[in-house]
Every structure is written in C-alpha cells, then in structure tokens.
C-alpha cells in the first residue's frame, strides 16, 4: 500500500520543451537575482544565481554523495568516490593560497574550521544513517526536491525540524570534549595542498583496489543519450564535469560571501522562523543568542546568504529537470518509504547541526578549508552510511543491485 511518493521520471525526453515548471524556475532565477541585488547588494544577487548554477550542476551531473557512498559500500564500485576526491583536490588547490593570505580579490575570506570532538563524531554518524534512509544528503535533498521528487519534500521538512531541535541542545553538545579548530592551511599553502592530495590519492587508490578485487576491473561510464551542446543544456553531464563546476562555484562563493558554500544553517533558521509563527520563541535558546544567529533570526530569510543560495539551488534544479524533460512529480510513495524519509530527515537535521555541517559545509567545504573536523566528519559519516545501507531493506524492499541516480 502506498500514499505519497515522488520520483524523477527515469526516461529522458530529448525533445522536451521547458514547460511551465521550467519557465517558472527561470523567471524566479532572473527576478530573484535582480530583486536581491537591488535590496541587499550585487553580491547577494550573484550568490542567488550561483545557487541556481549549483542546482543545475548537481541535477545534470546526478552528483549524489549519498548514492556514491552507497554504491561503494553495497557493490564495491568506487567511481563516484573517486570523482569526489577529484572535487576535493581541485577545491583545495583553489582555496588554500587565499585562505592562507586571508584575502581574495581584496576581500577578507575565511574557511569552515570548527572544533573536532564528540558532537562531530556522533552528529556525522547520525547524518550518515540519515543519508541512506532519507534518500539524500543536504545538497541531494535540495536538488532532488527541486527536480520534482515529492518524497524528498518529506525528507526536507523533517530535515528542517531536526535542525531546529538540535539548536535546543547545541550548547550541551559544544560543551563535550573536543580538539580545538585545526587546519592544514596552517602548515602553509604548498605543504597543506600536498598533504591533502596525498590523502585524496590514497582514498582513490583504495577504491580502485576494492573495485578490482570484487569485479576484476573498473566500471566504465554508460554512453550518454546526448552529445555536444545538447548534453550540457539538457544533461546528463559527465561526473568529472560536475566536479569541476562544483569546485569553481564553491570558489566563487568564497570570493563573494567571504566563506565557502554551506547549506544546513539555513534549515535551522527556517525551522526557527516557523516556530515563531506557531508561538514558540527560540530566541531565548543559547544557539540563537550567538550574535550572528541572533541577527539572522531577527532579519528576513532573504538577508541570509545560505538561505538565498538554497532557494537558488532549488530553482536551478527545477530548471534543469525541466530542460531534461524529467520534471514529473509522482505523489504515491510506499508507507515504509515515507517513514524512512521522516526518520532520515530528523537524523540529517539533528546530526548536521551538532557536527558543524553536512556533506557540503563539513565534508566538501570543511575539507576544502583543511579543517580536521571535516576529515573526522567524513570517517564518522561513512560509518553511519554503512549502518544506513544495512537498514535500507527494512524500508525500501531493495534488490541486491543498488539504483545509482538519486540524491
């Protein structure tokens, strides 16, 4: 029996018009960029547009952190993980020189460098389980929801709820034992880059060894249904092209926002705004008394850079889905899948907040900043994914073969 579900159409319509959803997304991106630029400044509008570009990239490249980890755990196929190492390598090379100097194009910049301790380990482990039950990570939840996956709207809602709940206990988690903020950038740009590349190379080599042992050789990418300009307009993109685009767009975010790309702090803010609407006042909670958080809570969500980029990402993914001819929401989801979305969303939200970030803020941008907490996050989240993969059959009745293109 099923009630509500949603999925992207598995078929690609090579001649599909942009349609009403695509036109609405395009108008939102153009109008939003102009309105935000006029109200909050040109950089703010540009960051909304960068969010749109991130959504297009994630959707067209089917760049799923969750699916890449699941396929490696369940099948021993490591192509997705190797592309993630390329992504991290490119971003480290772009970031480290400017993080070391503290300026980029004359503007002050900083990385995402946080304490590494109990909260990071437990939060990332929770997040890892949530990735597999919720069906996506933070970026995956946004781009698949924007692309027409109705089930991911359930995950997103409870992601927001979990984020808000974590702000109630945030001070307690930060009081637990932890190492001080530590970054490889402190070694110097060149030594830090070389050490980072050695780590990424070792991980890539491990995936090659595992894949060859289990399958006798490396997986070859499937032939694309389109070539040339049409492929980049309507997708699907090569995974490596997606990695290059994500690295460049994160660098653009660093240049304009003064810090790397993040996603989930906005979810906590949206949850707090929603709580205020129903008579709950989170402003008295310790998390919301920190100056930056208090300021965000007192202002419009459109003043918050992370929120603006998240909105842009959703619109960009919707446009990409329309261009691909895949925007086809289906509101029939098995009950177990709905339950998995609820549990997964709560774990994702709570875990991300106490771990100082998600697969983007802690893993991608954290490691790109050389932060020790990013590496610890990755190990703990991978362990959570292992457990999450084992739990998935209880909710999804999966076959042995893992479906690859998802969040």
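Heads up, the Cβ atoms here are built off N, Cα and C, so glycines get one too.
Whatever TrEMBL says is automated annotation, not expert-curated.
The feature transmembrane segment is assigned by TrEMBL to 20-40 (among others). Non-local neighbours of the transmembrane segment (20-40) in the same chain are 46, 48-49, 52, 146, 148, 302-303, 308, 311-312, 315-316, 318-319, 321-323, 327; each lies 6+ residues outside the stretch with a CB under 8 Å from one of its CB atoms.
Here TrEMBL flags 46-73 (among others) as transmembrane segment.
Through the fold, the transmembrane segment (85-106) approaches residues 183-185, 188-189, 192-193, 196-197, 200-201, 203-204, 240, 243-244, 246-248, 250-251, 254-255, 260, 364, 367-370 of its own chain, all at least 6 residues removed from its boundaries and within a Cβ separation under 8 Å. According to TrEMBL, the feature transmembrane segment maps to 85-106 (among others).
Annotation source TrEMBL lists transmembrane segment at 112-131 (among others).
Annotated transmembrane segment per TrEMBL: 152-170 (among others), in sequence order. Note on the transmembrane segment (152-170): residues 4, 6, 123, 134-136, 138, 140-142, 144-145, 264, 267-268, 270-272, 274-275, 282, 285-288, 333, 338, 341-354, 407 of its chain, located 6 or more positions outside it, place their CB under 8 angstroms from a CB of the stretch.
As annotated by TrEMBL, transmembrane segment applies to 190-210 (among others).
The transmembrane segment annotation in TrEMBL covers 236-257 (among others).
According to TrEMBL, the transmembrane segment annotation covers 305-325 (among others).
Sequence annotations record features per position, and here TrEMBL assigns transmembrane segment to 337-356 (among others). Here the transmembrane segment (337-356) has long-range neighbours at 2-5, 112, 114-115, 119-135, 137-138, 141, 151-152, 154-167, 169-170, 173, 264, 267-268, 271, 362, 366, 373, 377, 380, 384, 392, 395-396, meaning same-chain residues at least 6 beyond its ends whose C-beta is under 8 angstroms from one of its own.
Look at TrEMBL and you will find 362-389 (among others) tagged as transmembrane segment.
Using a Cβ-Cβ cut-off under 8 Å and counting only residues 6 or more beyond its ends in the same chain, the transmembrane segment (190-210) has close neighbours at 72, 76, 78, 81-82, 85, 88-89, 92-93, 96, 100, 183-184, 218, 367, 370, 375.
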